[in-house]
Amino acid sequence: MNETTATLRWEGGVDGHLMLLDQTRLPLDVVEVPCRTVEEAWDAIKRLVVRGAPAIGVAAAYGVCLSIKNGEAAVYDVVEACRYLATSRPTAVNLFWALSRMRRVAEAPTATSGPALAEALLAEARAIHDEDREMCAAMGRHGADLVADLPEGVGILTHCNAGALATGGDGSGLSPVFELARRGKRPRVWVDETRPLLQGARLTAWELMQRGIDCTLICDSMAAHVMRAGKVQAIFVGADRIAANGDAANKIGTYGVAVLAEAHGIPLYVVAPTSTIDMTLATGAEIPIEERAAEEVTEGFGRRTAPAGVRVYNPAFDVTPYRLIKAIITERGVFKPK
Ligand SMILES: CSC[C@H]1O[C@H](OP(=O)(O)O)[C@H](O)[C@@H]1O
């Protein structure tokens, strides 16, 4: 399959709407779905139709623009849209960062209303999207530069999906992998399937195969064996929120990968735009961790694999302490947690 459909895009002008590549349908179907109301945008974020911290932020910014009616925007509607969209998912700080930018447009002392505010809101959402594209490219360069001395055929392990599907551009955690491939390094990627929602199996493997990059899908439980066999020289993951001390929240299972990485002397790199850094939180202990429905574990993708009524704990993220992170790669450069 060689599909190149944008993760998300705005169609039309101030009376336009948001188009999303429905990530719940991948890899079997490449389907775009429209969001024409703020409520539809909320639902798309909640159900992971669009997902990944930067992509959630960009989608929320466009979601605020869906409060525009007949080409006119009203401050009250914008503020209400921001409040509502902020309740969709709690962990990815990019969501709140993007919504605060949109709200500032409406509440600025020089703010306008009606058609002028509508144009200003759409311009801000487009700016957030364009900036994300640029950040993705920069993270790819910085990440590839950091591991430039690794040999051709370097083994890289990934967890979850931090590719183009998780951003408004060409990815965060996967961006250095794409850049290494462009530089002829022929990376060999070991893709954690990433239970329970299988973002690795469904999305990362799909993205890598789309680009002809060597990848091998493994169950999460196989990562230790693969590392011990010397098949992994570096690990790249994304992040949903990074605290001031460098602790990073990412998809559940990342902390376990980080502990395994330390045990095997393999560097683990977190790749995230600075919009993912939350300086209001001193440590990762304060990062809100989303808990999701039990059915994602007991009957993922419609097939029951656990007894009815079994108790389930389904945290969608965990926190990797900074001491297990070799470096944090952002669009502004590489930071090594002290
Ligand atoms: C580039 S951020 C990607 C980040 O988001 C994913 O979570 P979800 O799929 O639930 O949105 C995962 O934590 C990825 O690392």
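Counting starts with 1 at the first residue shown.
Every residue gets a Cβ built from N, Cα and C, even glycine.
There are 32 other CB atoms within 10 A of the CB of Asp240 (active site, proton donor), with all protein chains counted. According to TrEMBL, the active site, proton donor annotation covers Asp240.
Arg51 (substrate binding site): 26 other CB atoms within 10 A of its CB, across all protein chains. Summarising the annotation, TrEMBL assigns substrate binding site to Arg51, Gly52, Ala53, Arg89, Gln199, Asn250, Lys251.
Within the same chain, residues at least six positions away from Cys160 (site 'Transition state stabilizer') with a Cβ under 8 Å of its Cβ are Gly173, Asp192, Thr194, Gln199, Gly200, Thr204, Val237, Gly238, Asn250, Lys251, Gly253, Thr254. As annotated by TrEMBL, site 'Transition state stabilizer' applies to Cys160.
The substrate site is set by Arg51, Gly52, Ala53, Arg89, Gln199, Asn250, Lys251; from the centre of their CB atoms, other residues of the chain with a CB within 8 Å are Ile56, Thr91, Ala92, Cys160, Asn161, Ala162, Ala166, Gly238, Asp240, Ala316, Phe317. Most buried of the binding-site residues Arg89, Lys251, judged by other Cβ atoms within 10 Å, is Lys251. Straight-line distance linking the Cα atoms of Gly52 (substrate binding site) and Asp240 (active site, proton donor), rounded to a whole number, equals 7 Å.
For the binding-site residues listed here (Gly52, Ala53), the lowest count of other CB atoms within 10 A around the CB belongs to Ala53. Ligand 1 lies under 6 Å from the Cβ of Cys160, Lys251, out of the recorded positions Arg89, Cys160, Lys251.
There are 28 other Cβ atoms within 10 Å of the Cβ belonging to Asn250 (substrate binding site).
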